[in-house]
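Worksheet: the structure to be examined is printed underneath.
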Amino acid sequence: MARQGCFGSYQVISLFTFAIGVNLCLGFTASRIKRAEWDEGPPTVLSDSPWTNTSGSCKGRCFELQEVGPPDCRCDNLCKSYSSCCHDFDELCLKTARGWECTKDRCGEVRNEENACHCSEDCLSRGDCCTNYQVVCKGESHWVDDDCEEIRVPECPAGFVRPPLIIFSVDGFRASYMKKGSKVMPNIEKLRSCGTHAPYMRPVYPTKTFPNLYTLATGLYPESHGIVGNSMYDPVFDATFHLRGREKFNHRWWGGQPLWITATKQGVRAGTFFWSVSIPHERRILTILQWLSLPDNERPSVYAFYSEQPDFSGHKYGPFGPEMTNPLREIDKTVGQLMDGLKQLKLHRCVNVIFVGDHGMEDVTCDRTEFLSNYLTNVDDITLVPGTLGRIRPKIPNNLKYDPKAIIANLTCKKPDQHFKPYMKQHLPKRLHYANNRRIEDLHLLVERRWHVARKPLDVYKKPSGKCFFQGDHGFDNKVNSMQTVFVGYGPTFKYRTKVPPFENIELYNVMCDLLGLKPAPNNGTHGSLNHLLRTNTFRPTLPEEVSRPNYPGIMYLQSDFDLGCTCDDKVEPKNKLEELNKRLHTKGSTEERHLLYGRPAVLYRTSYDILYHTDFESGYSEIFLMPLWTSYTISKQAEVSSIPEHLTNCVRPDVRVSPGFSQNCLAYKNDKQMSYGFLFPPYLSSSPEAKYDAFLVTNMVPMYPAFKRVWTYFQRVLVKKYASERNGVNVISGPIFDYNYNGLRDIEDEIKQYVEGSSIPVPTHYYSIITSCLDFTQPADKCDGPLSVSSFILPHRPDNDESCNSSEDESKWVEELMKMHTARVRDIEHLTGLDFYRKTSRSYSEILTLKTYLHTYESEI
């Protein structure tokens, strides 16, 4: 896994240029490799000055794949963005005469070099036909009118060493647009129905263009690749990156290794990735087709097309406006031109095509705006990155009077109809992976869908009529259904007529590398988790090696060796029962088969821990942390919730298998008035009165804030039983997480910052729980022979429940909603704990990786 930090060992290799509503968009050519840097020194901006010589010519050079350096002028796809084109670029390279299609009267025309594309008899041999030439002039069918066909092996012309990959990316394509079907988008619908598709693909947070396009290219979260927003401030650079500024041309902002650089480094040619908006879509398609016709030693293997639509129209009209139909038709028409062009070149059974979006679109207007001036008196002292999310920093850097915690307090639960929640960034849901970067402000506002946030009314721009400039926007929580986007894979390497579960866009970089036969650079994706998309797999994942093997202690200590300060053993009757209870701890029995349904979790770092068996649960107990790394138990549909006997209330039993020196002591909790304790296995779910004593062992105990204990107790007493009843039994694995540096990775001991007062008991930052059942609820969890279903949570361990504004009410009113907000992937938990789950199962490892990367969003169907 790639390090989830702003400054890792990534190589910053390219200059990313993209802007919405102006004349720039992302673009790279095969040789566009600039200085590799991720430095904090003086900026090295590509200024305008070297590109002043435009006296050369683009004759024979239009959309050349090699970037020409100064002082010569350029004719590549980005020369417009850099104002470096030769003087005749528009005249020679952007021809539009006679349009982009053949008509009957043009068939066999005399070649005219002024035409945008040709319908002459020699156009096929010269590779510059209009894409419908064969259809109109030779009687062939459009690609869309042909039946679906299963392409079992690539059918490529001689000289193609691998199937080329074309990435067709569309901005702001909400997943639900696909419901418009073949009446509006017949070509896209055919790609979907004949190839491999997901009901949606999840973008990364924030669901903005810059972060997501670069995530698609690198497989990294924004906190890892550094592009944390469409605009951002770097306190070390003391510089601001935004759409309309020159700073975005500076290499120092861009981390990671994008696909085209991975390709070039491994000897695979890459074509242009995105395009200046001044270049018409038709010209982009024709250029890609011409590149595909290049000689073998010049032809790239990977290409990309980028469309600014339907994002532009989605902002203007909203996702549900009737005006959205025409932009979608235009995109589909462009897809049809590409596929007809490929068929014309006899490449339609050779090329792999990915049709993919960067994010969705929501119905938003400026009439639904929360103003911070209604909550704060000093809004002029802060800088707010406004809109569908809020990032707050002091207007004056290093202002000693700036107090983010005070601002949080003034923004928390102040109104019953408040449409945002404030967070310190380290308290954001871990699934967002949006904290570990200095460009992410300490104070963050998660905004409710369909709403905006701004400092004050004067910051919101409206038309002179008072109406909004926009009707749609994006950027919200990436689990919200309106933010989901599209994924379709089509071609000889993708499966035929296959629907796959939703996945996150960090996974696509690895797939694209597999399609091109490349070794991926380090990234945040899980390589192999999308193997089920492909007909054949070039990469076969293997189980990670277990680093630390457990100890299996027996009864080694006497009851008298312990002084826990809270024992209740003196209340056990009869007295010889105490010995019997301890003997129970010596027996393994069948607990492993019952409670570790998918094998024992492996520890992937060096430590010492013990396997502790009990009738109702099993634990991996850490001698370092004085608590379990994990506790696993299986609850049947018929399980009953029982009460706790009075004599077991507020007491803990010693565990005679573990040294007193490696056990917690209740005296620590008596000294720390802010801390209480709870149990990883819930005593309420014990199968017998005798088994209940096991649940009160000190080795089942973990530190908990009293406020959090309300959440944990409700989860254990009510929700676990509810899930077991609904799903025909569940297996539950729970444990602590330590992530004080909020980098999304397991803390080492030196990084843990808080302990129960006067003790060596570390205080977790979070607790996790993994709940697994059979996908087919007719099968009980412990007898499942089919696919598995998983729901996972990473619950923040905090001294208050301020995140839930109704936490003063009964837990039934708010705890489950809080848990849904902190839903997570199993992979997130593995990175945060250093554990590896699901190691013993009949399912393939690729299937297990798919399960581990699944996120239960609790959203309605798209």
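Here, residue 1 is simply the first one shown, and the rest follow in order.
Every residue, even glycine, has its Cβ placed from backbone N, Cα and C.
Keep in mind that what you see is a predicted model, and the values were worked out from it rather than measured.
Here is what Swiss-Prot says about this protein:
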CARBOHYD  Asn53  N-linked glycosylation site
DISULFID  Cys58-Cys75  disulfide bond
DISULFID  Cys62-Cys93  disulfide bond
DISULFID  Cys73-Cys86  disulfide bond
DISULFID  Cys102-Cys119  disulfide bond
DISULFID  Cys107-Cys137  disulfide bond
DISULFID  Cys117-Cys130  disulfide bond
DISULFID  Cys123-Cys129  disulfide bond
REGION    144-501  region 'Phosphodiesterase domain'
DISULFID  Cys148-Cys194  disulfide bond
DISULFID  Cys156-Cys350  disulfide bond
ACT_SITE  Thr209  active site, nucleophile
CARBOHYD  Asn410  N-linked glycosylation site
DISULFID  Cys413-Cys805  disulfide bond
CARBOHYD  Asn524  N-linked glycosylation site
DISULFID  Cys566-Cys666  disulfide bond
BINDING   Asp739, Asn741, Asn743, Leu745, Asp747  Ca(2+) binding site
DISULFID  Cys774-Cys784  disulfide bond
CARBOHYD  Asn806  N-linked glycosylation site
REGION    829-850  region 'Required for secretion'
SITE      Lys852  site 'Essential for catalytic activity'
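On the structure: features taken from Swiss-Prot.
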{"residue": "Cys58", "record": "disulfide bond", "DSSP class": "coil"}
{"residue": "Cys102", "record": "disulfide bond", "DSSP class": "coil"}
{"residue": "Cys107", "record": "disulfide bond", "DSSP class": "coil"}
{"residue": "Cys117", "record": "disulfide bond", "DSSP class": "coil"}
{"residue": "Cys350", "record": "disulfide bond", "DSSP class": "coil"}
{"residue": "Cys566", "record": "disulfide bond", "DSSP class": "coil"}
{"residue": "Asn741", "record": "Ca(2+) binding site", "DSSP class": "coil"}
{"residue": "Asn806", "record": "N-linked glycosylation site", "DSSP class": "coil"}
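Nearest neighbour of Cys119 (disulfide bond) by Cα distance, taken over the recorded positions Cys73, Cys93, Leu745, Asp747: Cys93. Neighbouring residues of the recorded Ca(2+) site, listed in sequence order and excluding Asp739, Asn741, Asn743, Leu745, Asp747, comprise Asn436, Phe738, Tyr740, Tyr742, Gly744, Arg746, Glu751, Leu832 (Cβ within 8 Å of the Cβ centroid). For Cys774 (disulfide bond), the same-chain residues that are 6 or more apart in sequence and have a Cβ closer than 8 Å to its Cβ are Arg727, Asn728, Pro780, Ala781, Cys784, Gly786, Pro787, Leu788, Ser789. DSSP assigns Cys86 (disulfide bond) to coil, not to a helix or a strand. Spacing of Asn524 (N-linked glycosylation site) relative to Cys93 (disulfide bond) is 39 Å (Cα to Cα, whole number). All protein chains included, Cys62 (disulfide bond) registers 19 other Cβ atoms within 10 Å of its own Cβ. The Cα of Lys852 (site 'Essential for catalytic activity') lies closest to that of Leu745, out of the recorded positions Thr209, Asp739, Asn741, Leu745, Asp747. Residues belonging to the region 'Phosphodiesterase domain' (144-501) score a mean pLDDT of 95 in the model. The secondary structure of Cys129 (disulfide bond), as reduced to three states from DSSP, is extended strand. Mapped onto DSSP classes, the region 'Required for secretion' (829-850) shows 11 helix, 2 strand, 9 coil. Under DSSP, Asn410 (N-linked glycosylation site) is assigned to a helix (H, G or I) in the three-state scheme. In terms of C-alpha distance, the listed recorded positions Cys666, Asp739, Leu745 place Leu745 closest to the residue listed as 'active site, nucleophile'. Least packed by the Cβ count within 10 Å, out of the disulfide-bonded residues Cys86, Cys93, Cys148, is Cys148.
Taking the recorded positions Thr209, Asn806 in turn, the residue surrounded by the fewest other Cβ atoms inside 10 Å of its Cβ turns out to be Asn806. The 10 Å shell around the Cβ of Cys666 (disulfide bond) contains 18 further Cβ atoms across the protein chains shown.
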